[in-house]
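K.L.:
Right, I'll just put the structure down here and ask away after.
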Amino acid sequence: MKTKYRIAVLPGDGIGPEVMREAYKILNILKNYFSLPIETREFNVGGAAIDQDGVALPKTTLLGCENSDAILFGSXXXXXXXXXXXXXXXXXXXLLPLRKHFNLFGNLRPAQLYSELIHLSPLRSDIINNGFNILCIRELTGGIYFGKPAGRLKKNNIEYAFDTEIYYNYEINRIAHLAFQLAKTRNYKVCSIDKSNVLNSSILWREIVQKVSKNYPDVHLSHLYIDNATMQIIKNPNQFDILLCSNLFGDIISDECAMITGSIGMLPSASLNEKKFGLYEPAGGSAPDIEGKNIANPIAQILSVSMLVRYSMNLKTIADKIDQSVISVLKKGYRTADISNNSHYLKTNEMGDVIASALISGE
């Protein structure tokens, strides 16, 4: 164990500060009850930073993140920023530079449907049975979103636009290794998603993933075309454990997996580099419509802490305890408004309190 874990806390906009307060409760328990040497420092980001510093990602925030072992992020892009254009740019001008600066190439999006919340899924109960637990691993810094050339032109009065899907072998290699390494901590299954019957980039993707798999003979590898994969997830999500995807395909399929859980407010995410430095955040947005009402679900932010403990601190046992605390309160029937099927639900701070109590008591 390290002598000190430095965490940069970036609450951000919208419901970010509200749910981050509940994450602090968990961090304080880790310090005071589990004796973890955690040090937190808070920094501005997003619309809040634009209001105060004129930019979405101030230099002091970036420096604070550089001097940390991990970043715990709330949300960005609140309507409070000066203009609608600035609000739309807040997420792009904060998260994207952070991902680029720290080379956060691996995006982890868990999509777990708890047996206690099966009624929330849009899928039939006979399809989802007792829930599912999928981890989408998306390559985050390559592919068609960053490929050059890209643009929009006009020739002979005909307008056209173009993008370039490009992948280098090292980009595929490192995301594949990450997927197989994580498979060994789960159920030893990886399903790689591509379109290798059409795309050259996908042919290379499949070749390299297949080659990397030889280093992990105990992990079962399968391949699916993206169109078939989207159908299979709806037909039988429980057949999957880890889905390995390119940037574009992962963007689409991770949202599909999130939607079939029926509760985006429950889902955390992580973006990692090769040294397991990570940015951890809820998968949902800043939800400005419920900002300040104390009704946001803090579970995604709390589970983001769990992912931070699991991947950047490498403390699986303690991460499991945080996850179990969430399951415990769900089994007892505690709900926030977004996952409640009646008018009786806990406020944001109340849900944070019951999860914190469950973590302390070991329930």
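Backbone N, Cα and C define each Cβ position, glycine as well.
Quick paste of what Swiss-Prot says about this protein:
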- 78-91, 285-297: NAD(+) binding site (BINDING)
- Arg99, Arg109, Arg138, Asp227: substrate binding site (BINDING)
- Tyr145: site 'Important for catalysis' (SITE)
- Lys195: site 'Important for catalysis' (SITE)
- Asp227, Asp251, Asp255: Mg(2+) binding site (BINDING)
K.L.:
May I ask you to report the DSSP-based helix, strand or coil state of Glu291 (NAD(+) binding site)?
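P.N.:
In three-state terms, Glu291 (NAD(+) binding site) counts as coil.
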K.L.:
Any idea which of the recorded positions Arg99, Arg109, Arg138, Lys195 has the thinnest Cβ neighbourhood at 10 Å?
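P.N.:
It is Arg99 that, of the recorded positions Arg99, Arg109, Arg138, Lys195, has the fewest other Cβ atoms within 10 Å.
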K.L.:
Could you tell me which three-state DSSP class Arg109 (substrate binding site) falls into?
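P.N.:
DSSP call for Arg109 (substrate binding site): strand.
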K.L.:
Find the one among the recorded positions Tyr145, Lys195, Asp251, Asp255, Ile295 whose C-alpha lies closest to that of Asp227 (substrate binding site).
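P.N.:
Closest by Cα: Lys195.
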K.L.:
Cα within 10 Å of Asp255 (Mg(2+) binding site) is the criterion; apply it to the recorded positions Arg109, Arg138, Tyr145, Lys195 and give the hits in sequence order.
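P.N.:
Hits: Arg109.
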K.L.:
Tell me which of the binding-site residues Arg99, Arg109, Asp251 ends up closest to Ile295 (NAD(+) binding site) in space, Cα to Cα.
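P.N.:
Ranked by Cα distance from Ile295 (NAD(+) binding site), first place goes to Arg109.
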K.L.:
Starting from each candidate's C-beta and looking 10 angstroms out, tell me which of the binding-site residues Ala287, Ile295 has the most other C-beta atoms.
P.N.:
Ala287
K.L.:
Give the helix, strand or coil assignment DSSP yields for Arg138 (substrate binding site).
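P.N.:
Once the DSSP labels are grouped into three classes, Arg138 (substrate binding site) ends up as strand.
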K.L.:
Just to verify a number: CA distance, Glu291 (NAD(+) binding site) to Arg109 (substrate binding site), in angstrom, no decimals.
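P.N.:
Approximately 24 Å lies between the Cα of Glu291 (NAD(+) binding site) and that of Arg109 (substrate binding site).
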K.L.:
Given Arg109 (substrate binding site) and Asp251 (Mg(2+) binding site), what distance in Å do their CA atoms have, once rounded to a whole number?
P.N.:
10
K.L.:
Specify the secondary structure state of Asp227 (substrate binding site) as given by DSSP, simplified to three classes.
P.N.:
helix
K.L.:
Let me make sure I understand the span of the substrate site: among Arg99, Arg109, Arg138, Asp227, what is the greatest distance between any two Cα atoms, in Å?
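P.N.:
Result: 28 Å between the two most distant Cα atoms.
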K.L.:
According to DSSP, collapsed to three classes, what secondary structure does Asp255 (Mg(2+) binding site) have?
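P.N.:
DSSP assigns Asp255 (Mg(2+) binding site) to helix.
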K.L.:
Looking only at Asp227, Asp251, Asp255, Glu291, the binding-site residues on record, which one has the least crowded Cβ, with the fewest other Cβ atoms within 10 Å?
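P.N.:
Each of the binding-site residues Asp227, Asp251, Asp255, Glu291 was scored; lowest Cβ tally within 10 Å is Asp227.
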